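A.B. asks: Sharing the record's features from TrEMBL:
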DOMAIN    25-66  domain 'B box-type'
COILED    67-115  coiled coil
REPEAT    232-333  repeat 'Filamin'
REGION    333-358  region 'Disordered'
REPEAT    369-412  repeat 'NHL'
REPEAT    416-459  repeat 'NHL'
REPEAT    460-501  repeat 'NHL'
REPEAT    505-548  repeat 'NHL'
REPEAT    552-595  repeat 'NHL'
REPEAT    596-639  repeat 'NHL'
Amino acid sequence: MEAQQASPDSSSEECTVLEALPGKGTALICSQHKGKVSVLYCLACEISVCEDCMNGEHAEHPTDSLENIVDQQLAALQDRVDSAKNRLPQIRRAVQSLRDILQQLNSQRSSIEEDIHSSFSELYKTLDTRKSVLLMELEVTYGLKQKVLQAQLDTLLQEEAAINYNCSLTGEALDGENKAVILQTHKDVGERLGDLASQGLPLQPEENDQLDLMMEIEGLRKSIHNLGTIVTTNAVASQTEASGEGLEQCVVGQPATVVITTRDKSGGLCKTGNAIISAEVCTPDGSVADGEIVDHKNGTYEFQYTVKKEGHFSLALRLYDQHIKGSPFQLKVTTNSPGSRSRQKGVRRGGSLFSTPKKRVNPIEDDLIFRIGTKGRNKGEFTNLQGVAACSEGKILIADSNNQCVQIFSNTGEFQSRFGVRGRLPGQLQRPTGVAVHPNGDIIIADYDNKWVSIFSSEGKYKAKLGSGRLMGPKGVSVDQNGHVIVVDNKACTVFIFQPSGKLVTKFGSRGNGDRQFAGPHFAAVNNNNEIIITDFHNHSVKVFNADGEFLLKFGSNGEGNGQFNAPTGVAVDVNGNIIVADWGNSRIQVFDGSGSFLSYINTAADPLYGPQGLALTSDGHVVVADSGNHCFKVYRYLQ
């Protein structure tokens with residue numbers, strides 16, 4: 001085989017060709033010396049050479065055995081292949097993640113498209129209804145005016161006819177020729193004419209002709225022109241950053257703040273809000289802090305949180321369910337005093353999952369009947385349980401937030417079932433925080449991260465969602481006596497009331513510390529008067545409203561005394577109208593009468609609560625509470 005013609009700037013392949021030699025297999029044949037096998041490798045020129053080459057132009061160059069070089073390059077090539085293959089799992093995960101995002105994006109598009117059609121359909125109906133009302137109002141107003149004017153006209157026409165008629169009767173008498181006729185006419189008609197001449201008549205109009213239409217079309221047109229907004233950002237987790245002292249350390253019981261700055265794929269600052277951000281302070285055992293994310297609407301956000309015990313923790317900050325740059329962060333929590341105090345002191349009971357309180361010598365016994373749960377993802381295990389509901393069928397329902405499911409137990413604590421699939425599609429759960437049971441048996445779930453409320457059948461089959469496009473961060477849900485769904489929007493600081501069909505009945509509340517304002521409201525309950533009771537977390541109070549959202553009363557202040565709160569969470573009402581409140585920061589449960597006067601505690605001393613969340617009354621009259629920090633729910637005796 002002849003070598004190809006070499007050019008002055010050709011590659012290192014110019015000196016060799018492959019050729020099969022008898023008995024030698026495939027070898028490298030030197031292109032400069034025909035028939036010579038290349039057995040060496042010139043390290044300076046990085047080409048294979050034969051012995052004749054080494055006696056010529058490569059005589060002074062360092063060499064190595066061709067076999068050694070081939071083995072080395074084969075090993076290097078294998079390493080590069082292995083390195084490239086090692087990227088495949090990362091690429092596949094990224095591909096799957098992108099496919100999931102695309103699927104969620106498509107689902108969101110379909111959902112929003114449905115909401116747009118539904119919203120404008122409601123607008124059309126509202127406009128048609130208003131049109132009918134205006135036309136009816138026009139007819140009624142016209143009818144009233146026309147009736148008055150027509151009656152006046154008829155009266156005047158009658159008088160005119162009477163005068164003309166009686167005047168005509170006097171025609172012959174007025175000729176003056178027949179004295180008998182004059183006397184008779186004066187007798188018959190004179191008095192009548194006198195009455196007609198002196199009678200008071202409605203000569204001035206008793207109504208007017210004004211019928212005008214005031215239609216603020218221009219303002220309405222502008223409102224319609226700006227109606228609705230497609231909300232999104234270009235923020236990506238890999239470029240988004242966090243800063244502030246709260247990233248690394250904080251003090252027990254004192255608020256700490258982290259600033260989150262969202263950026264796009266190129267690192268550019270995002271200048272709008274509404275990104276979906278979640279934050280969690282936790283130990284390996286689970287979540288230990290409750291906080292609030294404040295959207296400044298300029299691409300930056302604040303995570304404000306409080307931790308109740310010292311130690312080393314993990315702070316996870318996620319954007320669209322992905323860790324931002326540097327997350328999770330290592331957080332050190334210290335205290336300024338030798339030991340933090342618990343509101344109710346006591347020795348922790350052993351780890352039994354189903355136990356009853358032990359008899360003690362002291363006159364006040366612990367009210368705990370049993371506790372269920374440990375940290376985990378299996379049946380009867382929880383990760384950051386939040387909302388609690390109970391129903392007349394003797395069931396307890398738990399919103400298991402970080403496990404993206406709802407677990408159902410009997411009143412005696414036996415596990416019955418669970419349902420829920422993680423995701424952002426209708427029928428999936430991303431962060432269930434509140435749960436309630438409708439009188440028809442449907443299970444209503446507030447999904448904080450999906451920003452809607454899902455409705456499932458009693459068997460856990462998805463039926464519908466409501467509040468999409470309106471809610472920003474629903475936390476708690478309840479049902480009033482009209483079957484309406486009450487949604488506490490923690491992020492919007494607003495309470496929404498929906499029909500089960502999804503139609504908005506009313507809403508009330510805004511961010512602030514006024515009577516009709518909230519700061520991170522959590523849960524809701526409804527009393528026998530159909531009054532709505534809301535726990536106002538950061539305002540450390542409980543507020544009561546009527547069904548129309550009118551403020552009635554509030555009670556509580558920040559502190560550790562009787563009737564005070566350190567961030568109230570769960571709430572329930574007994575048959576006598578007494579209000580039971582979970583006091584998150586003080587790790588206790590307090591009982592008030594319907595006017596907000598303190599009555600008593602639920603005694604939790606023997607097995608202290610740690611960050612209680614949702615709370616409910618079971619059908620057999622006990623109090624059930626989500627003990628979030630201890631990854632369990634507890635059932636206590638309650639004397640109504």
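Numbers run from 1 along the shown chain.
For all residues, glycine too, the Cβ spot is worked out from N, Cα and C.
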A.B. asks: In terms of Cβ proximity under 8 Å, which residues at least six beyond the ends of the repeat 'NHL' (552-595) contact it?
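C.D. replies: For the repeat 'NHL' (552-595), the list is 253, 290, 306, 308, 342-344, 388, 515, 522-529, 531, 533-538, 540-546, 601-602, 604, 608-617, 623, 625-626, 636, 638, 640.
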A.B. asks: Are there residues at least 6 beyond the ends of the repeat 'NHL' (369-412) whose Cβ is under 8 Å from a Cβ of it, and what are they?
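C.D. replies: That would be 280, 285-287, 351, 353-357, 418-422, 428-437, 441, 443, 445-446, 448, 456, 460, 475-477, 523, 570, 607, 613-620, 622, 624-628, 630-637.
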A.B. asks: Across the repeat 'NHL' (505-548), what is the average pLDDT of the model, as a whole number?
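C.D. replies: That stretch averages a pLDDT of 95.
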A.B. asks: DSSP helix, strand and coil counts for the domain 'B box-type' (25-66)?
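C.D. replies: Helix/strand/coil tally for the domain 'B box-type' (25-66): 5 helix, 16 strand, 21 coil.
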A.B. asks: If you run through the repeat 'NHL' (596-639) with DSSP, how many residues end up as helix, strand and coil?
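C.D. replies: Here the numbers are 3 helix, 21 strand, 20 coil.
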